[in-house]
């Protein structure tokens, strides 16, 4: 079984790299892309300035020191390294090369800069996907995990967002990899998997502060899988590991940790858009649901909805108790995040990417238990080892 898990994970990673790195700049650039191209030039200085104060000669202060609900440290770190290396080589080999100005769509080198800023994000996302596939195949079987991998590989919205220079896809990959790592640690009782789950969630927070919206559900997932006393203890350990990762990788924490935490708490109010009162809560909640129902109609393919809706229904009847508990855990994590996003009135489809691609794991597991697929398993079982087709 282990060999087939590795084969599936490796296959998915290779296909992901091919489909993403081919025509990587097919996604048209927009204003946010220029913002990231600008910020990666000045990281880590750019997120430290407003905490330390003072003018630094030769540094443009336009985006200096901003602490928002998506710090983007992962983009600024990984894309910053690749871009710096690429630009250094470009300056040596092309005497006409000039860095693109902010929001300059006519820049002749825009595709060059976008490609090398996106490149490490694709590599890291692909490796996280392979890691997640390996873990999920141990929990839900090779066949069900393969169905989910097809969604991530070929669903148009997934392809689009994974080729964009933005936070959305890599944020989702850090979260799903963290959740899968914890659930697998329950299965095999490996402390390193639990620790790595905390590290991955720390990176999710470094990518987007809205990762804190996952924490309430993750708390209940720990209780569900570990019991009350042990669950609370493990949850605290999980938070400490995530916070340690966050502190080590977030530059303001190096120079002014107390002030940084104050800034984060203050800026976190922006996540809820200053929600106040009982009536606005319900008004925004129901309006948000209706808005997203309309928005989602044309943004996901029909096969995606078949898997999510029909597969989700079939998942209710899965008999394996451990598998069912893991599916319930995934459902709690991603449905709670979706509800918080609605309450927060963040009306962007990309904010819901983690919820729908996360919940599709449940549908994939349910679809794999369909009688027609069980018949296919028995048929192909004559030619393919049984372990490959079922857990």
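Cβ coordinates are placed from backbone N, Cα and C, and glycine is handled just like the others.
As annotated in TrEMBL, transmembrane segment covers the listed stretch 349-368 rather than the other ranges in 349-368, 369-388. Per-residue pLDDT, averaged across the domain 'Glycosyltransferase RgtA/B/C/D-like' (121-249), gives 93. Remote same-chain residues near the transmembrane segment (349-368) are listed as 136, 140-141, 143-145, 147-148, 151-152, 155, 157-158, 161, 166, 168-169, 171-172, 175-176, 179, 210, 292, 295-296, 299-300, 304, 307-316, 318, 323, 327, 330-331, 333-335, 337-338, 341 (criterion: CB distance under 8 Å, separation of at least six residues from the stretch ends).
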